[in-house]
Amino acid sequence: MKRAVVVFSGGQDSTTCLIQALHQYDEVHCVTFDYGQRHRAEIDVARELALKLGARAHKVLDVTLLNELAVSSLTRDSIPVPDYEPDADGIPNTFVPGRNILFLTLTAIYAYQVKAEAIITGVCETDFSGYPDCRDEFVKALNHAVDLGMAKEIRFETPLMWLDKAETWALADYWEKLELVRTETLTCYNGIKGDGCGQCAACNLRSNGLNHYLANKPAVMSAMKAKTGLK
């Protein structure tokens, strides 16, 4: 039996990954992390979606220690979430240091216990927003370290790594779940479900990608298929 574990936040990217995994694996588990994030509604959204989409199990892990260590606008109410700035340089204050290191490592421990062969994460280098822990080289390096530390091969899969946001929408549409992803996921840094606040970087990236996809469906769908190998 082919098993996979999805690192699941209830946002657009991880939900699209879950949808695809459910078509490609016999059994899919989800792991969501409570790290004291600013908008805890995402945990409730993740629970609802994991149940609705048919995950075999959904584990919510308490990692609130991360909140004490990682200072970010996503973990501190006192730090305002910035509006979208198209020419911004450097690492944004929405970056949570160590988050993906911790999430992927703990998910690997869970995957080891349930005998899953793969961990699926929705990180993306094309639209990585300045987050160093969304880069392909980081994921591959951590995957290698985890395999060595567990003396077991657990594959880290990143199906969105080379897709832009329009192509990620195309992937959701390919699996006939575009409307669900648009209306029922929570990607907004200000904690607003669906189309979000329309002001933060996450909402801007998401809406621009959707608009581009809807205006150029055949071309974007073709590009997505070429990158993913889907027919």
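Placed from the backbone N, Cα and C atoms, the Cβ positions cover glycine too.
Take the Zn(2+) site that Swiss-Prot assigns to C197, C200, C203: the candidate from C134, C188 listed for it is C188. Reported as a whole number, the C-alpha separation between C203 (Zn(2+) binding site) and Q12 (ATP binding site) equals 11 Å.
Over all protein chains present, the Cβ of F8 (ATP binding site) has 32 other Cβ atoms lying within 10 Å. According to DSSP, Q12 (ATP binding site) sits within a helical segment. For the binding-site residues L18, C200, C203, the greatest number of Cβ atoms within 10 Å around a candidate Cβ is found at L18.
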